[in-house]
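> Handing you a structure now.
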Amino acid sequence: MQTELFTSSDPHWLGKQVVVLPGFVLDRFERLLPALRQIVLAAPFRNMTTPGGRTIAVRVTNCGELGWISDLHGYRYSPVDPLSGKPWPALPEVFLELARSAAHSAGFEDFTADACLINSYLPGNRLTLHQDRNERDFSQPIVSVSLGLPATFLLGGHTRAERTQRVALQHGDVMVWGGEDRLRFHGILPLQDGRHPVLGARRINFTLRKAG
Ligand code: SIN
Ligand code: FE2
């Protein structure tokens, strides 16, 4: 039986291979939070720059063998944190297990993440429509975990111009997209003000990927 603290409900399919798993991470949150804190101590959140020279408002960091970076030279994955010159912190076991088990629930077997991009949104921060296409193998899904303040995720189609659907994401939800939906455009509407009892006035999202 589920307790009131950990309420998860049935998967919500938004397309053939894109699904929201409501509350999927809630029963792991207690183990996940210290791991996240360790990562952020070793590799702090920072603002990156777009290849065009604009500052990305959402602050990011990474863990795993590879980390997503952006600077004047472009978007790519790097085995080292450009701030420290050292490898990114390792992917904690609780992240790896979560990635594998969420991917399995979405119909993707044997998913082994080697990269995890962690985003920190403050109220007002948004993420404009984009595709995740810096990874090498598009047969592998993206597993996306939402913590803290709720957000509205925009799920588009395979071109930027296509209509988007709005998806409400709450603390503890996991979204998985892959297969024919792997390259769909997506983004986040400006984060609304609010306060989460544990994480405060912010949203943390992390995406587990197979980048290399
Ligand atoms: C992303 O597309 O990298 C993040 C999506 C999210 O914050 O939910
Ligand atoms: Fe993305």
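Just so it is clear, glycine is given a Cβ too, placed from its N, Cα and C backbone atoms.
The model shown is predicted, which means the values in this text are computed figures rather than measured ones.
Quick paste from TrEMBL:
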BINDING   His130, Asp132, His186  Fe cation binding site
DOMAIN    112-212  domain 'Fe2OG dioxygenase'
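Give me the structural setting of these features: burial, nearby parts and distances.
Sequence-distant neighbours of His130 (Fe cation binding site): residues of the same chain at least 6 apart with a C-beta under 8 Å from its C-beta are Phe185, His186, Gly187.
Residue counts of the domain 'Fe2OG dioxygenase' (112-212) by helix, strand and coil are 3 helix, 44 strand, 54 coil (DSSP-based).
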> Looking at the domain 'Fe2OG dioxygenase' (112-212) alone, can you tell me the average pLDDT?
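Mean model confidence (pLDDT) across the domain 'Fe2OG dioxygenase' (112-212) is 97.
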> May I ask which residues of the same chain, at least 6 positions away in sequence, place their Cβ under 8 angstroms from the Cβ of Asp132 (Fe cation binding site)?
Ile142, Arg182, Leu183, His186, Thr207, Arg209
